[in-house]
Amino acid sequence: MAGGGKHTLTPKAIIHQKFGANAIYTVEEVHDSSHSACPGLAIPQKGPSLFRCHLQLPEFSVVSNVCKKKKDSEQSAAELALDKLGIRPQNDDLTVDEAWDDLVGRIKYIFSDEFLSAEHPLGAHLRAALRRKGDCSGSVPVSVIATFDAKINSRCKIINPSVESDPLLVISSVMEAAAKLPDFIVASPNEASLRRKNPYPPAVVEALATQVSVSVDSRKVNAAYIPCKGEEIVELDSVDVSSGRYYLDSIAERLCLKNGNQVMISRTLGKASCGSECRLYSPIPKCKSSEVTGSSSEESSRRNARASYICGQDVHGDAVLASVGYRWKSEDLDYDDVTVKSFYRICCGMSPNGIYKISRQAVLAAQLPASFTTKSNWRGPFPREILSMFCHQHRLADPVFAISTAPVKSLADVYRSHKKLKVSGGSDDADDENLSKEKEDAPGLGNGFRCEVKVLTKSQDLVLECSPRKFYEKENDAVQNASLKALLWFSKFFDDMDVGSDTDDEEDIKSPSTNVFTIPPNLGRDCSGTTNVPSVEEKRVPSITNGSVVSICYSLSLEVDPEFSTDGEVSEGNEEDMESEEEDEYYEPSIDLIESHEEIEFEIGTKAMNPLIETAVTQMTVGEFASFNTTLFAAAEALILAVASDTTRIRDLLSKRPQLVYSIILLGVKGPSEERMEAAFFKPPLSKQRVEYAVKHIKDSSASTLADFGCGSGSLLDSLLDYPTTLQTIIGVDISPKGLARAAKKVQAETVDYWGFLVTSVISRLFDSRGIPRAVEKITLRENNFKDTAPEFEETVLQVARASLSTSMDKRPSPGVTSERLPASLRLGVGDPHKSGREGKEMGEGSNVPKERIPISQRLGETSHSPRNNTRIPAVLRLGNDTTGSTPSLHEDKVPAKRKPGRPPGRRIPASPGTGKGTPVKKRRVQSSKPLGCRRKLNTEDSRSGITDKKGRGKGVPSRPMLHVKLNKEACNVNTATLYDGSILEFDSRLYDIDIGTCLEVIEHMEEDQACEFGEKVLSLFRPKLLIVSTPNFEYNTILQRTTTPETQEENKSESQLPKFRNHDHKFEWTREQFNHWATKLAERHNYSLEFSGVGGSGEVEPGFASQIAVFKREALVVEKVAEGSMQPYKVIWEWKKGNEEKKE
């Protein structure tokens, strides 16, 4: 909390801080029998409600006292758990003298008869100490008491706060407190151990001896041995954990110590493969007093840099990393294997970059992103979570965030300050930086959020203060970006020790001191060498833009040249040897898989992946395979050992100067959303600007009726009601079964939201208990709460339920086959077990066609008959003479199609509007599909227009009839609102001769011939007095996507260099010349005047408006009347009239 006084945490809050979601509270109601009856009456009476809480923690559970309130019972259980843990919430109220008294009393209690049988881990150590032989019998190492008793630690922190960074002070404090109990405790300062002066009663010892089963079998557990000398490697070792021997004595023997009393135990550092906690064991240096904390020069010379790094405190001498110890409620010793790989993973997890790598399970491939764009595009734990993990890892206080608000300025305003927009061919970092600074510092149009974050030590000393100047529209974005900036600075500190501690004005970061961190050691030899750029036959231009989320399958392997010699050179011999070698068989290089991932997603442009992988992926297409070799980068050895299963073999390979082999398959791509690209440049958003543009024309024309063609989610109609206009009738038209279903749902939203229950209940009737579909033709819902449901609504619910059932069945794998178990060849669509028919025969397992020779389109599940094939035809070529009905041809002339060099000439095709210099020949659609059999995670958005095929049917975002909330307001002038289910390519007489029609950002979701057909029918049949049509300006994509402008494009540039469409669902996007040609021809044929305009940007400078608009105005004041009810194919799905309830049909 920034500012304000410090408040005392409740016991439940402290438990939450320590255990989080692992603390489970279960409250039960308790009936008090003493109040359950009244004297003289046989009828039982219910007494007051009482509650008892069961608190389950990972190591133990407690039961609270009976309380009158549920909250009180939870706090009672938490208080009991804290008492059992030795944590006192009111520690701040204790004085130093009281803390000493508590410490002395706690040590006396630990050596009491009662505590010997406790389920506390320290009790298990006491019982194990009684089984020690010789002089050590009954002696408990002081390090055990200091490590495993939380109450002793909390008292020592009050006595000396420095114990937080120097645990050795806890040992000296315990020895000093034990010296105050000379009649009860025998303290051995030279041995660093405590034991009870008088032996335990024989009956207690014998009772405990019967509970322990002594086995003669020898058991050993793997551990990692960390030598003190940096030139010696970390190697695999073992620890004797036989039941007849104290495990600390076994570790002491490996460290060449006299016994386990001289072993120092660290805090938990991580987890082994089975989830057990790892600790570092090392020799105890010369015990420090609470006043003197210096180390001798001899101890300093034996400092173990690698062990000190992962432990966070100075470690002297050799060390052992092991997972062995006692747990709560367990008499048996808990242990697990720790490998060399475990050590290197712990080292990797010390930095923010390493935390992110491990969380993504891609240690070599992933890296902490350099920027946080949107919550939906981020993969892995969020920056704020990583920062909290990092602080806990280094025993720092939780980060403190302070949020402030201030006005911000949009990038559009920055661009407007220039006389002419000039866009470079690539991403100019200097320009981006200048624009970013202008955006941060300039006054703006709206409010934004800025976040400051502070990282403090437990003693409230400042470690880092990050105060970014940049403002964000969302509070969460500000917090995440501030956290990420702090993480990047910490990562730079761990990866580059040249980072200074002075104020960094450029990054707005202050760090008075970084002494709280241990300097990272050199964990491996320098493997930097020279990083090779992936070799390609010809230079390829990136085809995937920044902001796209891609999904890849990759593997990283080490490849060693078989002719490599021990001195690092390729072996050379005499001519006879060379001749004999020619006769020998060819030996392939040794390749060992290091890391692989079946499917991982990341955002392009944020540096969330290895730069070589990202560079290669941006030049690939979906389904393409790429492979290249590089030399190892700096510190690669430590990362490779952190993922290697056989560290001995990998070390041998690393000594032979191997190459790292990257193998990548691009599974899918989801381009940046249209809204996101536009929101980065325009405020208010283009959608709102389009609404304001329409409102202006409504007011100027005094229109009373409006129809929105392709209303989609009804956003335009909904937004129009926020403005005072002359409209009295509003109409929305769209087509989509999904839209119809949502409309039916939304109508009922104010009374009761039971749509989800309806669909769920219907699906339950369509399935039997084994999940097999039933043969159900009709389901009647008109019963109980559904008695007023219309038959059409029943059919809609049934249709949606069947669609949901079909979708769920399609996503189900075959019995016994999971996506993880499918071979790579099947996941790529080759021999897919789900295929059937001719395609399955051509590509099934029995096919003799080699996988590498199968066309990529077929491996992606596409054939020449696929409807997607049509969308691959260049947009400029698909808009030609293929018109339907009475739609005349836009061009009778025919021009040769532009082809790649070397391609033979073919037939001449119809030209499209505006064909000429600067017109893009072909666009590369961002493909969101994945190979068959792969898990699909990249969901795509639905079409707004609701038209995808030539019959005017397809998918679309449904209408949103929540309009009645605004329509019912008294200030609203609208008398009638209607939503129709129908195709805008069909004429309906009820929409004839309306005052104004709108079709905003719809036609690009159709095929181009359908857009032409719509233009013809809306002007020739619907005959609105005014028609507003908007569509994206393709030329402006160069700015939104930060690519080259059409003016700088050469005629023979490859398609991958052209800008992409703004939305994956767009079938085409027109340049200004194409749009003007289309609109001008329509206006001339149907006697309409025409005005061109737009929103976003400026029409006076290149490349024009971001969204281009054509306004058609009918010249004829009077038109012929049509027979009422003659053509009414549209179906009313929702109707509202002022003063009446909604009408549902």
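Keep in mind that glycine also has a Cβ here, set from the backbone N, Cα and C atoms.
Note that the coordinates shown come from a computational prediction; the quantities given were computed from them, not determined experimentally.
TrEMBL assigns the feature region 'Disordered' to residues 502-533, out of the candidate ranges 278-309, 502-533. Note on TrEMBL: of 422-441, 1062-1081, the range annotated with the feature region 'Disordered' is 422-441. In terms of DSSP helix, strand and coil, the domain 'HTH La-type RNA-binding' (93-204) has 68 helix, 10 strand, 34 coil. Confidence for the domain 'HTH La-type RNA-binding' (93-204), expressed as mean pLDDT, is 87.
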